[in-house]
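Below is one structure, written out as structure tokens; the observations come after it.
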Amino acid sequence: MIKLFNTLSKRVEVFKPIDDVVKIYCCGVTVYDLCHLGHARSYIAWDVLRRFLIYSDFKVKYVQNFTDIDDKILKRAKEESSSMKEVSEKNIIEFHKDMDSLGIMRPDSMPRATNHICNICSFITILEDKGYAYSRDGDVYYSVFKNKNYGKLSNQNIQEQNINKQGRMANEENNKKQNPQDFALWKKAKNDEPFFDSPWGRGRPGWHIECSAMVKDELGDTIDIHLGGSDLIFPHHENEIAQSEAANGKKLANYWLHNGMVNVNGQKMSKSLKNFKTIRELIKSGISPMTLRYFVMTVNYRKPLDFTEEALRSAAEAWKNINLALSFMDLTKGAFRSIDKNESIEEEYKEKLSFELSQKKLKFSEALGNDLNTAGAIAIIYDLAKPLKNFLNQFQRIEGLKIDLNEKFFLLENFKTLEKLTEVLGLKKEVLVKERKITEEEISSLINERLKAKKGKNYAKADEIRNLLKEKGIELIDQSKEITTWIRV
């Protein structure tokens with residue numbers, strides 16, 4: 001059973017798909033710049049949802065759009081002395097690079113607004129014919145007061161909104177709109193802007209109508225799940241509902257899911273506030289893509305995610321341990337490839353282990369099924385990784401280590417389960433570069449050098465050696481003044 005918090009009903013609901021294929025639409029990026037951590041947070045959350053639905057034997061059709069015509073794109077094109085198309089094409093390529101690096105599955109379809117102009121115009125015409133839209137001098141607006149259900153997603157009071165907006169609008173806009181709260185479906189082209197031909201003259205679509213038209217064209221009138229950031233609830237998603245349900249006479253989406261924002265010093269991370277870190281910058285600074293992915297999943301998708309250096313360091317340490325366990329087969333040099341046919345495991349032990357692992361899988365599914373509790377799912381991952389990591393520390397230090405047959409079977413089955421469940425979270429093994437940069441002889445030599453430094457009261461040198469080894473994945477354990485052991489972390 002999968003339960004999800006539905007923004008529309010304001011409660012957690014059992015997920016019930018419309019038919020055999022779960023239809024999901026996710027609001028995509030406006031392609032004028034590189035993606036930041038806030039984008040990563042959103043698309044990682046929805047990637048986990050998609051992977052978990054597939055793991056739970058659902059068929060999924062996942063659509064995510066590109067907004068490739070917008071004021072921000074036009075502004076960037078002007079700044080770069082290029083065209084709207086050049087700016088969007090360049091940033092679509094960069095978007096894919098970033099998402100691929102984070103292990104985010106590519107959507108089944110990624111429609112672009114500029115490829116749906118005919119559908120958008122048809123959609124607006126339907127709204128006009130039904131009395132929900134009106135044109136003024138080349139602009140077309142949606143009449144909010146014609147829709148009695150407007151505000152049902154965001155709980156906005158349209159009467160109060162209307163009073164508050166009165167007087168804040170330019171006279172020209174006031175003269176065109178029937179009510180200040182009405183929003184643009186089609187915008188008349190300015191002299192220096194790209195344009196598309198339409199029944200209302202040259203212009204371009206409004207932001208909200210793009211998604212309504214693409215949802216209908218790609219997935220139909222009613223979909224299972226609509227996704228986006230909490231900053232899109234109003235006005236974007238509220239306006240989508242108003243447009244689509246007025247035009248189609250049907251519910252737009254059964255479930256509305258929204259992720260929380262990434263905060264920096266208590267403020268939302270955003271390009272407008274100039275307090276953002278791009279995914280590219282973070283990775284270039286030495287943070288691995290899977291560390292970023294792990295970091296995002298440590299907090300439930302609906303809650304704010306506080307971006308701090310300390311939290312990132314903690315995520316890096318935690319991911320390093322899981323990654324070590326995922327590298328189990330590589331680091332054991334083939335010793336665990338299989339159980340020999342002549343080796344027999346007691347059936348009673350097999351059944352016991354099978355039951356224990358099935359319980360862990362069940363708890364994993366229960367965690368993700370409880371409104372995508374990724375932190376709970378990670379706890380199960382840690383439980384599976386721990387014995388593998390502990391064994392690796394012994395295996396790498398003790399030459400000719402003898403392995404009990406039951407232990408071998410236990411570790412192999414644990415590893416297989418770990419691999420399967422980390423795939424559901426989209427966590428993939430990263431190359432252990434540091435593990436290959438230092439030998440056991442070098443470790444012993446540095447430990448001896450450190451002991452000499454400590455005896456000579458050169459504690460700065462001793463700390464320098466400890467930190468050097470830690471950077472290479474070696475944690476020192478001082479058992480006494482004379483004895484220091486180590487483990488790989």
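Placement of Cβ uses the backbone N, Cα and C atoms for every residue, glycine included.
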Among Cys118, Cys211, which residue does Swiss-Prot annotate as binding Zn(2+) together with Cys27, His236, Glu240?
Cys211
Could you check which of 68-72, 248-252, 268-272 is flagged in Swiss-Prot as motif ''KMSKS' region'?
268-272
Rounded to the nearest Å, what's the C-alpha distance separating Cys27 (Zn(2+) binding site) and Lys271 (ATP binding site)? Just drop the number here, would you?
18
Apart from Cys27, Cys211, His236, Glu240, which residues in this chain have a Cβ no more than 8 Å from the mean position of the Cβ atoms of those residues at the Zn(2+) site?
Trp207, His208, Glu210, Ser212, His226, Gly228, Leu232, His237, Asn239
Can you check how the pLDDT averages out over the motif ''KMSKS' region' (268-272)?
78
Given the motif ''KMSKS' region' (268-272), its same-chain partners at Cβ distance under 8 Å and 6+ residues beyond its ends are 33, 36-38, 231, 261-262, 307
The binding-site residues listed are Cys211, His236, Glu240; by CA-CA distance, the one closest to Lys271 (ATP binding site) is His236
Far apart in sequence but close in space: which same-chain residues, 6 or more away, have a Cβ under 8 Å from His236 (Zn(2+) binding site)?
Cys27, Trp207, His208, Cys211, Gly228
Using a 10 Å radius around its CB, how many other CB atoms surround Glu240 (Zn(2+) binding site)?
26
Entry from the binding-site residues list Cys27, Cys211 having the most other CB atoms no farther than 10 A:
Cys211
